[in-house]
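Engineer: In case it helps, TrEMBL gives these features for our protein:
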type	residues	note
ACT_SITE	78	active site
ACT_SITE	78	active site, proton donor
ACT_SITE	230	active site, proton acceptor
BINDING	12, 69, 79, 80, 167, 203, 221, 222, 231, 232	substrate binding site
Ligand SMILES: N[C@H](CCC[C@H](N)C(=O)O)C(=O)O
């Protein structure tokens, strides 16, 4: 038998699969097929999700995280997901501060004080960071560095910042009206379809500046579409905030980033000239799903036995007490 977890960070939800339970790891094709079925709002379980987080052994770290989007594409990183993987591996190994392996870096994670009763929290290192066109990649935009830059091919007046953390992000600071308007979806769909600018797609975030060190972020995700939160998106947005609004944000200072699913804290660090972002937020497990290994491999979900953990009620109490819920509630996606 195999047990998966339904998890979320800021209501950015995933199925977490520890593949070390399996007699042999899934192939990339099997993982992509499983993800497309399991996360589908109609054919999946528990109303679907925003992706699958697969854990495998990795020498020298507590484990490796692989991120699969709902469309079956693989992502270079997932910030909200990394916090839930950190919790899973912490509870599996008893460690509270360790590294998780990804194809691009071994990332530091740590258990943090709970955000509220019944709302466990973890921090996750978001890195490596690069502004280089080759890192996103982007092309045909008339520049090789996009920081606070108008890109007329994409929008007539918004100023964008493009950064890989290491998955690709395009960020713009907008008004409350723009945040809820049609442009984010239009740009997100266009740059994640066949286009000459971001050939591998890009996560697009619109953020409203609420005050010093305080943002509200909404993301149209590469390979997924709108989600309630995007951890790497909120991390990239905080870095862009510091670079483009230096009188309202600063390195090594705690930022609060609200999103339709809740809230995270971010701190941008710069060590030896290299940026990395510390992402702190909830790691909630809402259910466990148990089924025979053969059924999992064949994506035969009828035999799945689902058990609720009861944690979601505590998370909803925490979120209900947050400011900016009125704005969030107009933007929340089905979990
Ligand atoms: N869709 C993203 C991966 C998931 C990132 C997001 N869920 C996060 O929390 O960072 C991509 O393909 O780059």
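Yeah, the Cβs are placed from backbone N, Cα and C, and that goes for glycine too.
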Engineer: Sequence gap of 6 or more, Cβ distance under 8 Å: name the residues on the same chain that satisfy this around residue 231 (substrate binding site), in order along the sequence.
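Structural biologist: Counting only residues 6 or more apart in sequence, the Cβ neighbours of residue 231 (substrate binding site) under 8 Å are 9, 10, 12, 78, 79, 80, 81, 82, 83, 124, 126, 264, 279, 281.
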Engineer: Give the residue from the binding-site residues 12, 167 that has the most other Cβ atoms within 10 Å of its Cβ, counting over every protein chain displayed.
Structural biologist: 12
Engineer: So around the substrate site, 12, 69, 79, 80, 167, 203, 221, 222, 231, 232 aside, which residues have their CB within 8 A of the centroid of those CB atoms?
Structural biologist: 67, 75, 77, 78, 81, 219, 224, 227, 230, 233
Engineer: If you count CB neighbours within 10 Å, which one among the active-site residues 78, 230 has the smallest count?
Structural biologist: 78
Engineer: Going along the chain, which residues six or more apart from residue 221 (substrate binding site) have their CB under 8 A from its CB?
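Structural biologist: Result: 50, 69, 188, 203, 227, 230, 233.
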Engineer: Rounded to whole angstrom, what's the largest C-alpha distance between any two of 12, 69, 79, 80, 167, 203, 221, 222, 231, 232, listed as binding substrate?
Structural biologist: 16
Engineer: By the DSSP assignment reduced to helix, strand and coil, which category contains residue 231 (substrate binding site)?
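Structural biologist: In three-state terms, residue 231 (substrate binding site) counts as helix.
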Engineer: Once the DSSP letters are reduced so that anything not helix or strand counts as coil, what is residue 78 (active site)?
Structural biologist: coil
Engineer: In DSSP terms, helix, strand or coil for residue 167 (substrate binding site)?
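Structural biologist: Its secondary structure by DSSP: coil.
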